[in-house]
Each structure stands twice: as structure tokens, then as C-alpha cells.
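J.: This structure is in C-alpha cells; I'll ask about it shortly.
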Amino acid sequence: MSLTFRGGIHLPENKNTDQCTITRPREPAYIRVPMSQHIGLACIPVVKPGEVVSKGQLIGENNNGLSACIHAGIAGKVLRIESAINQNGRRDDYIVIENDYSGAVSPDIKPCEKKISELSSDEIIDTVRRAGIVGMGGATFPTHAKIKSAIGKAQKLIINCAECEPYLTANHRLIAENAKDIIYGAKILLKACGVTTGYIAIEDNKPDAIADLKKLLKGDSLLSVKVLKTKYPQGDERQLIYAFEHKELPAGKLPSDLGYVVFNAETCFAVYRAFSTGMPVTERVVTVDGDCIVNPGNVIVPIGTPFSDIINFCGGFSKRPDRIISGGPMMGIAQWDENAPVTKGTAGILALSKDMYHREIPNCIHCGRCVGVCPMHLMPCYFAAYSKINDYESCDAFGVKSCVECGCCTYVCPGNIPIIQYIRIAKSKLTQKK
Amino acid sequence: MNSDLLRISSSPHIKHEDSTRVIMTDVLIALVPAAIWSVYAFGYRSVTILLVSVIFSVLFELLYQLIMKKPLTVTDFSATVTGVLLAFCLPVTIPLWMVIIGDFFAVVIVKQLFGGIGRNIVNPAICARIFLFVSFPGAMSSFVKPESSLSAFALTLKPSDIDAVASATPLAMLKQGQFPSESLLDLLFGKNAGCIGEVSVLMLLVGAIYLLVRRVITWHIPVSYILTVAIITYFFPRNSITIEFMLNELLTGGLVLGAFFMATDYVTSPATPNGRLIYGAGCGVLTVFIRYFGGYPEGVSFAILIMNLFVWYLDRYTKPVRFGGDPK
Ligand code: SF4
Ligand code: SF4
């Protein structure tokens, strides 16, 4: 029996690229690296225009507060440091590096000599911090901070391989091609958190990866595979823990309060790389798909690579896209600039054409579908209705703050009501009031 | 490519293909078997009534929106559904002009004056039926036996035509504490006197299963509705043979039509699972109560109408507990 939760939706999966081996395009001519690629404080550039940097060299850091270091993904010259609006609508510094194609690697990059058993928790945390590792499923929470918060509280560790968003297969491919390394990374994390039980949670639509992992973990005392039902948003930490334990994470609490700590598969891979080669997070796997892409696939690219480069590598557009999305179709962010850079949280680039819209109806018909699918067990139709008439207090009374913006309600609404927009408005008005 | 041409839309960027129109189309499809049976049972006059009802429902909605300069919504087919449902709960002998009055009442008074689709408080078809029933009690309760040949096009029927084939409905018989003359099997197939779309329980169930499979409706309301009626009529029969009495109650009086197609109307039923269970049970209790003690044999319409008024409260008091619990 596969594990699951209440609510959520079965989406048309569109995992068209799940058999596409990860390929490495030629390095881009330049990269634009934003200084805010994680939850927490933005990094401050530590290089100057004109300076020559090598691959893996530290270029951004913020030692005051929650942050994750940023490194150069290519070798070359820093052209300029510019300020621009990032995809979250906030102003951000970008370091622009021109590729000299020398491929020079920073001398700081050295593999870790010790065995896992010889490492201390603090050493691991420090390496992870210096490598700039964040939650690479899209949440981008700095991993070193997560380890710290889990120590002493968490007894179980979950490697989240649910990848429940349609289209995205980056994680799936990474597991299929590097299962051993991911397991290695997971073991380092187990050690760091002081935890002796770990699960690899994976959805039942990836039978090849499941078989692989099961074979590798046969007789393993630390890690085992748990199969989840394919459903959106199964990858949400809350729903994941519910599927395991049938316990609901109370609002405002962290998974470690229930004894769990959750990491993403690509995060484990990044940990593995930081220890086996010393290379920090300088690149990531991105799924490129959507009905406008000529050759959909999975690519591994330096952080900061412009979307347009990657799309060209994938054969360009077969027809004019209506939207280019960074991430999956359910929670991803529509881009206004096709030269937007890949960041640590970019799991996918989708180019979608128009066809999927229908007309919005004037009023909610009260069908209750949004209520049935909400994984947080809320009543989204009332959020929309009250937000529409500016009654944000009532939205609050109906629990709008618990909404995780998964988009299930808006996806199913037959009236095509932009419920999630009303929710965002209500949430921001409520925070302003405070 | 010019980046200016990209659309900045908010997530999610994909949509389920079901629109209001798809749902309404599904409801119409689900009503087809019962509509076909009505032709078999009552002849082509039932087609005439169905057509008149649909055409005028749509026409009234269109005219209202044109006159009031509102966005046109007839393409969502909700007026069409109202038209069919109203026709379904009229006797085949009804004068055609009364059908048109009913359509006007349903679409303009009950639906549009309250703000159009999604805003009406009570179910338009049910309300119109009750309106006609109260205004024209005679015409609304003159039933004929199935397979009687009536003129398909006459605006009104001559009393002599009707009297020749007049028949009491099973529900009226039950009201007098007698068993209907039809067997239970006849009632299941729909070989009894009654309203156009109400008689064939079997055909309605075929449509209902379609709606459940297509997930247009959930099981909550119909099951709790019918189960409540079954339990009460079993334990408190008006007659002595309990099982048979109970089955007679379930198979007559438009209970199945009401439970699956009227009480489940989205706009006028709760959105939460628990709210739906309570709503269905409320409809069940009221239906039996009105059938037993009310002035009319019919209870379904009134029961649903009354429960419509509680939907607002039911939604609020059955609000699901938030994931992780409600904050204190
Ligand atoms: S977006 Fe919010 S309200 Fe809508 S289904 Fe997800 S959690 Fe529920
Ligand atoms: S899904 Fe849309 S139409 Fe249905 S109740 Fe929710 S908001 Fe209303």
C-alpha cells in the first residue's frame, strides 16, 4: 500500500522527460548570478568588477544571519554587478561573469579526506554552509540551518523524492543516474543530524528508481525506501509527514517538532559533491519541457545560466509560448524575461502555449470542489468571495493564513476563479495590518 | 522572441478541463435516459414540454441579460438545466403557457434578480414548481396513466382528454394509507402516473451513476437523503407491511429525482462533506414529515426548498478542521 494524505489532486503527469538522460550543454557565454537564491538574507558580493574568478570560487556571502554562500559556476571575468528586479519582484544584486572558457577550478576545491564515521556534526554543518547548499526542491531553505534545527529533536530523516509537480523529472533522473551518490549524501546528513532512521520517500510513478534504490539499500540498517501514492502536493513536507505518521503538523511548527527532518534528493546530491569533490553548489539539474519546446529534456547547467541559452540548447521553440515558467506548473513563477537566470531553486523551465484557459464565470457556483481538494482542509471558495469584497477579517476567520498556495483549489475550479490571487491579496492585506 | 509577449500569470499555470459548461453538459447527459423514458411513457407531448421549457428558460436569461446589460451567460448551460429540471417535475397534461410562466419565475425571479448564476438562494426549478403548484393546483395535479395518447402540440388539453385517462399517483394512494395499484417493479421502471421526469426511477439512477462516475456530484447528499427517508418510513410506516411500504415511499414522488438531481444543485447545497450529510438528512426528515402531515402528498420540493435556506449555516458550522488543527 502506498502512503498518502487527505485532499490533493491527481494531475495529468506530463512526465515526458523521465527517460531523458541528463545532458550537459556547452557552458554559456556569460552568467548572471543573483545574490538572493535562498530563504533568508541576500548575500553581499565579495568580488569586484574586472576581477577574474575561477569555477567554485566564493562570490557572495552574508555572515550575519540566515544565508547560504554563492559561488561562481564558470571561470571568467566579472563584468559588472548590476541591480535588477528578481522573479519575486524584489530588487537584487546580480554578478555578471563573462566566460573565458579556461575551465579553471578554484584552488579551494578539495575533497574531504575523512570517512563519514570520522566526521563530526559541526564539521558537516560547516562544509554544508560553505558549499552554499539549500533545499533544492524549490523551497531553498539553507541546509546548514535546517540540520542545526533538527539536532536533538528529529529522530527520523526523510529524503523527499516525491517530485509531485507535473512535467518535472530532474529529481527522478538524478536518482536513476546517481542513486549511489544520493544515498551517500543522505548518510552524511543522517550523521550530521544525529539520526539513525532514514527513509527515501518516492512516488509510485517512478518504478525504475524505486527498484534501483531498493536494490542498493537491501540490508541497509540506516535507510529504507517508502513508496508514496502519486498525488499533488505529496512533496509538501506537511503532507509527506502525514503520509508517514498520520500526524498533522500544527500551524507554525517545524517538522522537527514532530521528530522529522526532510531533505530533497538533489540536496543530498549536492552534499555528496561537496564531500567527494569539494565542489560547492555551482550547477543544478533542470527539466526543460512544455508544449512549445522542440526537444524537451534534462540538463545540468551552471547557476546563473540564462533561460534562453538552455531553451536554445533544447532546440528552441516550436511555437510561440504564452508563458515561460520557472519551476513546475502548479507553483512555478511566470517569467517576464526569457533571459532570467537559473538559480539554486530552479527545478524546471516550462514553455507553455495558451490553450489551457477557459472563461471565468461571474460568481462561484459553490460546487465544493476546491473544498474537497484543499490539502490544508480549508474552504477556498470563501477566501475568494470575501477577498473580492475586501472583507479580509472573514478570510482570516476561515483560516487563510494556513493556505500553502499549492494551487489545487484554483486548478479544479470549474468557474476558473483565480482563487489563489484572492488568497494572496488577503494574506498580504492581513500582514500589512499587523 | 520578444519577451514583452510573455504572459505574467499567477500560478497554477495549468487548469483542469472541467468548466461550468462541462459540468452542466454532464447533468444534461445524465437526464437523457429519463427524458427518453418520458417519451415512451407519455408520448410526444413530453418532448414538447421539454423543448418549450428549455427554449423559454434560455430566452428569458438572454433577454434579461441583454436588457440589464449584463454579461451573457447562456453558454454555460445552467439555464438549459433549469429548463429541463422544471419540465421534469410537471405533469404531461399541463398547458404550455403555464410552463412558460414557470420558466420566467425560475430564471428571472429566482435566479437573475438575485444576481445570476451562483447567487440564487433557492433552487430555481424547485421554486418554480412550487410556484406553479400553489398558483395552479388543479393543472399541477392532473395526472394521466402512461401510454395515454395526448396531443403533442395543443396549447392546453381539453378536460375530456384528460379525464379519459386520469389516474391517481402512487404517492396520492400512499397518502390515503393504501398501496398503489402498480407493483414495485412497475414503479422502478416507471409505469405509473406522475410527472414527466420523475416516474422512471431506473432511468434516473442510470443518470445518477453517470454523475457520480464523472464526479459531478458526490454521494453524500443523495445517500443521506434516501437513507433517512428509508429509515423513518421503515420504523414509522403509515401502513403495516414495513419493507414494502418503505420501498413504495422510496420509489415514488420524485424522491430519486430530488435526491440526485435537485438537492445536489451546487449553488443551493453545502460545499463541505459533513454539511452535505446533514443537508441530505434534513431533506429526508422534512420530506417524510410533509408527506405524512402536509396538505399535499408531495414532500420533496418543499423539503429541498426549506433546506436551501440553511445552506449558509451548514457551511459555516461544518467548516473542516484545518490541517494541523485550528489555532486557539
Ligand atoms: S492554495 Fe491554499 S486554499 Fe487553495 S488548495 Fe492550496 S492550501 Fe488550500
Ligand atoms: S471550485 Fe470554484 S466554483 Fe467551486 S466552490 Fe470553489 S470557488 Fe466556487
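These residue numbers are counts, starting from 1, taken along the chain as shown.
Cβ coordinates are placed from backbone N, Cα and C, and glycine is handled just like the others.
Not my notes, these are from TrEMBL:
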type	residues	note
TRANSMEM	B:21-40	transmembrane segment
TRANSMEM	B:46-64	transmembrane segment
TRANSMEM	B:126-144	transmembrane segment
TRANSMEM	B:219-237	transmembrane segment
TRANSMEM	B:243-264	transmembrane segment
TRANSMEM	B:299-315	transmembrane segment
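Please situate the listed features within the shown structure.
T.: Below 8 angstroms of C-beta separation, residues 35, 38-39, 70, 72-74, 79-80, 82-84, 86-87, 90, 92, 94, 96, 99-100, 102-104, 106-108, 111-112, 152-153, 196 of the same chain, each at least six residues beyond the ends of the transmembrane segment (B:46-64), sit close to that stretch.
When Cβ-Cβ distances below 8 Å are used as the criterion, the transmembrane segment (B:126-144) is approached by residues 42, 86, 89-95, 98, 101-103, 105-106, 110, 150, 162, 165-169, 193-195, 262, 296, 298, 301-302, 304-305, 308 of the same chain, each at least six residues removed from its ends.
Within the same chain, residues 89, 121-123, 126-127, 129-130, 133, 253-255, 257-258, 262-263, 268-272, 275, 278-279, 282-291 sit at least 6 positions outside the transmembrane segment (B:299-315) and bring their C-beta atoms closer than 8 Å to a C-beta of that stretch.
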J.: Sequence-remote contacts (6 or more beyond its ends) of the transmembrane segment (B:243-264), Cβ cut-off under 8 Å?
T.: 27, 30-31, 34, 85, 88-89, 123, 125-126, 169-171, 174, 179-180, 184, 187-188, 192, 194-195, 197-198, 201, 204-205, 207-208, 211, 217, 221-222, 225-226, 229-230, 233-234, 237, 279-280, 283, 287-288, 291, 297-301, 303-304, 307
